[in-house]
């Protein structure tokens with residue numbers, strides 16, 4: 001049984017930055033550090049930070065005065081940001097810069113009174129944060145998930161519309177929704193550059209290549225990770241058995257029976273240690289040496305806030 005590794009896979013620049021912000025805050029300021037929502041959607045990462053003293057909360061009111069608060073990589077609404085500002089809190093923003101780009105698009109539309117349509121998944125924290133950048137009562141902010149939603153949508157002024165997207169969507173599904181938007185609202189304006197982030201696009205492209213070779217595909221990622229779910233869906237659409245797993249312990253021997261090639265990838269919030277554990281589990285089930293597939297090289301890095309870049313002095 002050959003083990004094939006998708007390339008690229010795992011951590012993206014935004015996730016790396018968000019985790020580093022929490023780690024640096026813990027190093028510089030000690031415990032506790034409060035984080036609004038899971039900093040990234042991965043159980044292993046969140047549990048590790050929790051063990052080190054991070055406290056994950058959903059409501060700003062749960063943070064005591066004078067505490068340090070970090071916003072998750074998914075971003076927050078303007079209302080949440082304003083609530084934090086009104087409190088005696090030190091705030092560090094771990095919002096992915098590519099999510100912030102979409103926030104700015106929405107804020108500009110709100111300021112100009114342009115109605116805005118967001119393509120995204122209802123209830124996802126990134127969507128809630130992005131929708132929460134719009135405040136102009138004379139305009140309008142709408143959420144659509146499918147072409148069907150587009151055809152049912154009613155807006156105030158079809159000649160004054162723009163759209164943007166969640167960063168972690170299926171590329172193919174999103175283009176289908178965009179096509180519907182352009183057909184329904186011919187004058188609608190889209191972003192100058194695609195809102196779906198480079199890491200989402202690259203990992204989806206990599207899992208397509210992986211699915212061409214593999215009989216079974218394992219996606220390392222948590223159930224609440226949007227981009228990880230999209231990877232599993234892509235492999236399934238390619239006709240392959242695909243499993244979204246949190247860890248190597250989830251793998252059942254029956255899943256790989258009769259498979260000659262087993263593929264492994266990881267969502268953008270899944271650390272490489274989990275992939276290595278999956279490889280070891282597959283080797284125990286008869287897998288050979290893992291082979292890296294060719295793919296796009298990624299060299300994007302997002303800096304942490306300057307306040308967190310200072311060196312921690314070691315005390316003898």
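Note: Cβ is positioned from N, Cα and C throughout, glycine not excepted.
Here is what Swiss-Prot records for this protein:
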ACT_SITE  126  active site, proton donor
BINDING   12, 96, 197  [4Fe-4S] cluster binding site
BINDING   41, 74, 124, 225, 226, 227, 269  isopentenyl diphosphate binding site
BINDING   41, 74, 124, 167, 225, 226, 227, 269  (2E)-4-hydroxy-3-methylbut-2-enyl diphosphate binding site
BINDING   41, 74, 124, 225, 226, 227, 269  dimethylallyl diphosphate binding site
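On the backbone, the CA of residue 197 ([4Fe-4S] cluster binding site) and the CA of residue 269 (isopentenyl diphosphate binding site) stand 14 Å apart. Cα of residue 41 (isopentenyl diphosphate binding site) to Cα of the residue listed as 'active site, proton donor': a span of 11 Å. Using the Cβ center of 41, 74, 124, 225, 226, 227, 269 for dimethylallyl diphosphate, the list of other same-chain residues with Cβ within 8 Å runs, in sequence order, 40, 126, 168, 224, 228, 267, 268. Under the DSSP three-state reduction, residue 41 (isopentenyl diphosphate binding site) is assigned to coil, being neither helix nor strand. Cβ neighbour count for residue 227 (isopentenyl diphosphate binding site) (all protein chains, 10 Å cutoff from its Cβ): 26. In this structure the residues listed as binding (2E)-4-hydroxy-3-methylbut-2-enyl diphosphate are 41, 74, 124, 167, 225, 226, 227, 269; their two most distant Cα atoms lie 15 Å apart. The Cβ neighbour count for residue 167 ((2E)-4-hydroxy-3-methylbut-2-enyl diphosphate binding site), using a 10 Å radius and every protein chain shown, is 28. Compared over the binding-site residues 225, 226, 269, the count of CB atoms lying within 10 A of a residue's CB peaks at 269. A straight line from the CA of residue 226 (isopentenyl diphosphate binding site) to the CA of residue 96 ([4Fe-4S] cluster binding site) spans 15 Å.
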